[in-house]
Amino acid sequence: MVQISERGVNVAVLGATGQVGMVMRRVLDERDFPVKDLRFLASAHSAGQVLSWRGHDITVEDVATADLSGIDIAIFSAGGGTSKVWAPRFAEAGAYVIDNSSQWRMHDNVPLVVAEVNPQDLDDVPDRIIANPNCTTMAIMPVVKPLADAFGLKRLIVSSYQAVSGAGRAGVEQLMNEAKAAVEQGADKLVFGGDAIDFPEPTKVVRTIAFNEVPMIGAIVDDGSEETDEEQKLRNESRKILHLPELKASCTCVRVGVFTAHGMSVNAEFEQDATPDAAREVLSKAQAVELVDIPTAQLAAGKTPSFVGRIRQDQAVDGKKGLAFFVTNDNLRKGAALNAVQLAELVASKHFADRL
Ligand SMILES: NC(=O)c1ccc[n+]([C@@H]2O[C@H](COP(=O)([O-])OP(=O)(O)OC[C@H]3O[C@@H](n4cnc5c(N)ncnc54)[C@H](OP(=O)(O)O)[C@@H]3O)[C@@H](O)[C@H]2O)c1
């Protein structure tokens, strides 16, 4: 534990050495989070590593042997299995846990919150565990919520174009290695058929991801739907965040050969007429949303808002009750680390105001 300041809250970051953890460390600094003591934790694999934060050297601790006392807020980005074991233990020791994994999102006692969309859900945190939504859900919620409030949302159909960093460091390494192999062997061979390139065996994404699209993220759910768990997350999490338990929603998740920032093609059907002009008017006032002509992944990478554009009347819906649009958002930033830090700010102002 390293003391950063005389006042503030005691913060622990579990998964501090991962991709989301790295962005988390940066965002805590950028937003001038009121940190008193700061701890970085991970597995035995990277325990002992020293990470610098605001000029202080902080040694990474192995969570398995760490003393959990004295932590006010713990931000987790270390996977669902780790969270399942450690979130209740941190909470038992007195910390509010903000978790980035899917482990707790659908638990009744656990609020699932996008900071700009449903912060009121943080009023009741009975188990001291708060969940951060999945990065696809997170990206579209700041756009969908104001449209739902204005026009009454009936149905969502989403296709995602998800970056490899959403699959952790291992996803990034796979794209790097495959792209290198393609360039070395003459990428023009890809024009005439992927078999012409001798790619390394896929190590994380289930098929070659360089210069490819792979419509399989997560595992097929054992409920007869033939959807993946990633595809079901968008429906289930949207219903919980929007407080629309009957919302009709369906999603097809596709991994693409992009390093960071997910894209989502959205077709939304409403109770009332919703023209593109009316939607643009609503979205021009929305928090965490930026209207652009062409929202690309590269535009969104490293930035905060959900970029929305290509807003059209959905021609497959009668009258003017359907909109089609495209959203891009940085999956590591607002999709994970930034929203978690925003939730930590809300928890700090509610429960530790006397220390700020
Ligand atoms: N990537 C995204 O776009 C994204 C978006 C939303 C949510 N998330 C969630 O955020 C989490 C991390 O994602 P990531 O992309 O940062 O993955 P990552 O780069 O692979 O990093 C994983 C982190 O978890 C730590 N960890 C792994 N197993 C552990 C264990 N048994 N005990 C303690 N620490 C352990 C690792 O520590 P070591 O260095 O010791 O291995 C590392 O710090 C996942 O739950 C993921 O679902 C990711």
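Glycine too: its Cβ is placed from the backbone N, Cα and C atoms.
NADP(+) binds Thr17, Gly18, Gln19, Val20, Ser165, Gly166 as TrEMBL records it, and from the list Asn331, Asn339 the residue named for this site is Asn331. Straight-line distance linking the Cα atoms of Gln19 (NADP(+) binding site) and His262 (active site, proton acceptor), rounded to a whole number, equals 15 Å. Within 10 Å of the C-beta atom of Ser165 (NADP(+) binding site) sit 25 other C-beta atoms, taking all shown protein chains into account.
Comparing Cα positions, Gly18 (NADP(+) binding site) lies closest to Cys135 out of the recorded positions Arg105, Cys135, Gln162, Arg255, His262. In this entry, NADP(+) is bound by Thr17, Gly18, Gln19, Val20, Ser165, Gly166, Asn331, whose most widely separated C-alpha atoms sit 17 angstrom apart.
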